[in-house]
Amino acid sequence: MSRPKPNILVTGTPGVGKTTFCEALAAASSLEHLEVSKMVREKRLYREWDDELDCSIFDEEMVQDALEPLLESGGCVVDFHSSSFLDESLVDLVVVLRVDTSTLYDRLEKRHYPESKVKQNVEAEIFQSCLDEAREVFEEADIQIWEMPHDTEEHMEEALERVLGFVRSFG
């Protein structure tokens, strides 16, 4: 499938800075920011709720059905912690943001996450769950997966420049 502009998936553990990065990328390019967690909330793309973690358990099919028409023509930056539900034919680049666990812990505490949710997300970062998931889904499809640190403003600038270079050279 050829698209005039790429679709980029930005993934990582909650708290690594996906939304901040995607907003900056969208502002610096002509890509549209699709914040999937917001779509899940607003369009109720879930069938279950986890009371302990106080969050929805998104429905992969419902999310796919909402995203696919938006991604078909390209030009989107998809912001979500999960990548397993995305059809690899709709993605041109995967960016996995990583952050030091102490930084992550502080960011999640500032969001007033329950201790159990903070611990779960810090463990997910330690075990590189999002990176492994992205590799499982996209490596065989020969889609580039870029693992990028996102602890500092400098890291964000470096990652933005690299991804903007990809966007400019796409096609």
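Note that Cβ sites are derived from N, Cα and C of the backbone, with glycine treated the same way.
The following features are taken from TrEMBL:
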type    : residues                      : note
BINDING : G15, G17, K18, T19, T20, R111 : ATP binding site
REGION  : 35-58                         : region 'NMPbind'
REGION  : 110-120                       : region 'LID'
The most crowded of the binding-site residues G15, G17, judged by neighbouring Cβ atoms within 10 Å of its own Cβ, is G15
Over all shown protein chains, what is the count of other CB atoms within 10 A of the CB belonging to T19 (ATP binding site)? 16
Record lists G15, G17, K18, T19, T20, R111 as binding ATP; longest Cα-Cα distance in Å? 15
What number of additional C-beta atoms lies within 10 angstroms of the C-beta atom of R111 (ATP binding site)? 10
